[in-house]
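Per Swiss-Prot, the features are:
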BINDING   ASP10, GLU12, GLU55, HIS60, ASP161  substrate binding site
BINDING   ASP10  divalent metal cation 2 binding site
BINDING   ASP10, GLU12, ASP161  divalent metal cation 1 binding site
ACT_SITE  HIS156  active site, proton acceptor
Amino acid sequence: MSSLREIILDTETTGLDPQQGHRIIEIGAIEMVNKVLTGKHFHCYINPERDMPFEAYKIHGISGEFLKDKPLFHTIANDFLKFIADSTLIIHNAPFDIKFLNHELSLLKRTEIKFLELTNTIDTLVMARSMFPGARYSLDALCKRFKVDNSGRQLHGALKDAALLAEVYVALTGGRQSTFKMIDKPNEINNLTVKCIEVQKIKRSIVVKPTKEELQKHKEFIDKILIQA
């Protein structure tokens with residue numbers, strides 16, 4: 001049986017509309033295989049080549065000064081596209097992130113690059129609206145509903161929010177499978193941090209209830225991302 005690779009993804013931006021000159025400033029993406037968080041993730045801050053509006057700064061706390069020495073999007077594009085290749089993207093309010101990512105890709109003016117498609121995404125906002133009509137659907141609201149600890153989320157952050165969304169997505173789809181074993185092997189690639197892990201062999205077709213030890217390892221992994229982001 002083939003593995004199901006999903007990427008939980010989030011971005012932070014300078015504003016709401018790329019057509020008004022707004023750009024992506026942070027990308028966070030976390031790998032999940034057969035509903036198991038593998039520990040592998042992609043994270044990068046990006047120099048937007050423009051100022052940071054105060055309204056955006058109040059949301060994520062990322063300043064223009066902080067981003068001055070960060071890479072431009074074109075320098076990290078290949079690594080990002082390689083990381084998400086052949087995977088379903090899990091995004092909360094997918095049209096927003098896809099719109100911004102495709103705008104950044106269009107600025108590269110590289111004909112060989114294909115734009116991202118909404119048909120290859122799962123929108124957790126749409127899922128939540130379908131499952132809980134009339135409820136609140138923000139990430140914070142869903143964390144509260146599923147008892148996901150978001151106490152450290154004072155400001156938005158792409159990797160932090162992707163980690164929280166991973167927990168929410170697993171809850172929305174009925175629970176996690178098996179476990180993983182962390183192996184710390186950080187590699188710095190164009191200001192990206194990729195951590196490798198060893199996934200234990202599992203029975204792909206069986207959903208199992210996690211043990212206390214597995215839940216603790218899972219919590220430690222999420223906490224590690226929240227601290228590093």
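Here the Cβ of each residue, glycine as well, is placed from N, Cα and C on the backbone.
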Of the binding-site residues listed as GLU12, GLU55, HIS60, the one whose CA lies nearest the CA of HIS156 (active site, proton acceptor): HIS60
For GLU55 (substrate binding site), nearby residues of its own chain (Cβ under 8 Å, 6 or more apart in sequence): GLY15
Largest CA-to-CA spread of substrate binders ASP10, GLU12, GLU55, HIS60, ASP161, angstrom: 19
HIS60 (substrate binding site): tally of other CB atoms within 10 A of its CB: 19
HIS156 (active site, proton acceptor), number of other Cβ atoms within 10 Å: 19
Surrounding CB atoms that lie within 10 Å of the CB of GLU12 (substrate binding site), all protein chains: 25
